[in-house]
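Enquirer: The structure that follows is given in the form of structure tokens.
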Amino acid sequence: MDRGNWSQVTEFIILGFPHLQGVQAYLFILLLLIYLTTVLGNLLIFLVVCLDSRLHTPMYHFVSALSLLELGYTAATIPKMLSNLLSEEKAISFSGCLLQIYFFHSLGATECYLLTAMAYDRYLAICRPLHYPTLMTSALCAKIAVGCWLGGLAGPVAEISLVSGLPFCGPNRIQHIFCDFPPVLSLACTDTSINVLVDFVINSCKILATFLLVLSSYVQIIRTVLRIPSTAGKRKAFSTCASHLTVVLIFYGSILFMYVRLKQSYSLDCDRALAVIYSVLTPFLNPFIYSFRNRDIKEAMKRQLTRSGILG
């Protein structure tokens, strides 16, 4: 294509949910309440784990790291989604769109790695309990957490570099609720098969590899738990994994359908629904899953509230 015949697109229009134009105000209130609950819930878990010495174990260090991650993960998309619900233009600059994609995917990759590390921690605790204190030390836990963050931040660099060099000269309306690789690539006025292939390979390696590692950990955990003779012992062992496994199923269940596919065409309504699940609902549910289903965190919250004078 002759680059002299086109002008570069400088901003995109994020259409969001075009079929729900009549209820934008209600969607804004609902999304705002979900976002505030997500922020407060994850921040509360992070602070409780940091302040309560009884929770200073590898398992809860990973939980606090996940809660901190969710704060950044939701901040990458939800504030702009709220702004678009009140705005008629719904515009985002080209560089702003790429930044949103980068932070959303880098933090999403970090969550994949962190959930895998949490599965490995549960595997060691249940399958090798006698060696757990010497294997999963505080130093190793910190190194794993830092490695998850560094790996996640480096993940989308190649994809972002490829997208930034594409020409965008035609339609600038993104058929999605935020900037993401598939809807942005569909707007490029050139062949994007290389981008689609690179995106597929990176996402497949990242998502499938971590999911299979999580799955293999739980296969070993289930085998070990089934050998426990007492029902109470089995119940206690499964209870330590229930919260993490619930989050894994919700998170991976949506991103596997969204990103592990070698095609550029996609169902708009289906992708919007999946995006709501992994970008809004999963971070929203995490505090409830980890607090309401976890006795240690509930007791730690009560202790902190009692110390602060809120509870008598």
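From the backbone N, Cα and C atoms, a Cβ is placed for every residue, glycine too.
Below are the features listed in TrEMBL for this protein:
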DOMAIN    41-290  domain 'G-protein coupled receptors family 1 profile'
TRANSMEM  25-50  transmembrane segment
TRANSMEM  62-82  transmembrane segment
TRANSMEM  102-120  transmembrane segment
TRANSMEM  132-152  transmembrane segment
TRANSMEM  207-226  transmembrane segment
TRANSMEM  238-260  transmembrane segment
TRANSMEM  272-292  transmembrane segment
Enquirer: Looking at the domain 'G-protein coupled receptors family 1 profile' (41-290) alone, can you tell me the average pLDDT?
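Expert: Its mean pLDDT is 88.
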Enquirer: How about long-range neighbours of the transmembrane segment (207-226): same chain, 6 or more residues beyond its ends, C-beta under 8 Å?
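Expert: For the transmembrane segment (207-226), the sequence-distant neighbours (Cβ-Cβ under 8 Å, at least 6 residues beyond its ends) are 112-113, 115-116, 119-120, 122-123, 126-127, 234, 237-238, 241, 245, 248, 252, 255-256, 259-260.
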Enquirer: At a C-beta cut-off of under 8 Å, are there same-chain residues at least 6 beyond the transmembrane segment (62-82) that contact it? List them, or none.
Expert: 14, 16, 28, 31-32, 35, 38-39, 42-43, 45-46, 49-50, 92, 100, 103-104, 107-108, 110-111, 114-115, 117-118, 121, 141, 145, 148, 177-178, 247, 279-280, 283, 286-287, 290, 297
Enquirer: Could you pull out which residues elsewhere in the chain have a CB under 8 Å from any CB of the transmembrane segment (25-50), counting only those six or more residues past its ends?
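Expert: That would be 17, 56, 60-61, 63-64, 67-68, 70-71, 74, 78-79, 81-82, 85-86, 280, 283-284, 286-288, 290-291, 297, 300-301, 304.
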